[in-house]
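Colleague: Feature list, courtesy of Swiss-Prot:
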{"type": "MOD_RES", "residues": "1", "note": "N-acetylmethionine"}
{"type": "BINDING", "residues": "9, 39, 70, 81, 91", "note": "ATP binding site"}
{"type": "ACT_SITE", "residues": "94", "note": "active site, pros-phosphohistidine intermediate"}
């Protein structure tokens, strides 16, 4: 079972999309891998401009499919970005791109004791 880090970005929060997608931010650390990109300063400013709704999702290879492509124009209907995004600069949601990055990003935002472990009964009926 894979985990990935998910953050609804400020435009998604401001547009009231947290419920549709199901004031704590560390943009400088979170996007450190992009620090040499020309858009880095603007991205950090944007990610600090309002609250972010952070969470961890778990599933078998479905997270990227549910999010859609980074560019909403390339996202399929039925994905979060395909249904709710306006443009690439305001694509409402961040999702880890690899399992390795997910572990790092989850560690930036959450402490291990903040997770609640529970056995979902339906899981045995859905996953082999």
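Keep in mind that glycine also has a Cβ here, set from the backbone N, Cα and C atoms.
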Colleague: Taking the Cβ of residue 70 (ATP binding site) as the centre, how many other Cβ atoms fall within a 10 Å radius?
Modeller: 15
Colleague: Measure between the Cα atoms of every pair in 9, 39, 70, 81, 91, the residues the record assigns to ATP, and report the largest value in Å, rounded to a whole number.
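Modeller: With 9, 39, 70, 81, 91 as the binding residues for ATP, the largest Cα distance is 21 Å.
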Colleague: As a test of the contact definition, list every same-chain residue at least 6 positions from residue 94 (active site, pros-phosphohistidine intermediate) whose Cβ is closer than 8 Å to its Cβ.
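Modeller: Listed in sequence order: 5, 6, 7, 9.
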Colleague: In the structure shown, which of the binding-site residues 9, 39, 81, 91 has the fewest Cβ neighbours within 10 Å?
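Modeller: Per-residue Cβ counts within 10 Å for the binding-site residues 9, 39, 81, 91 bottom out at 39.
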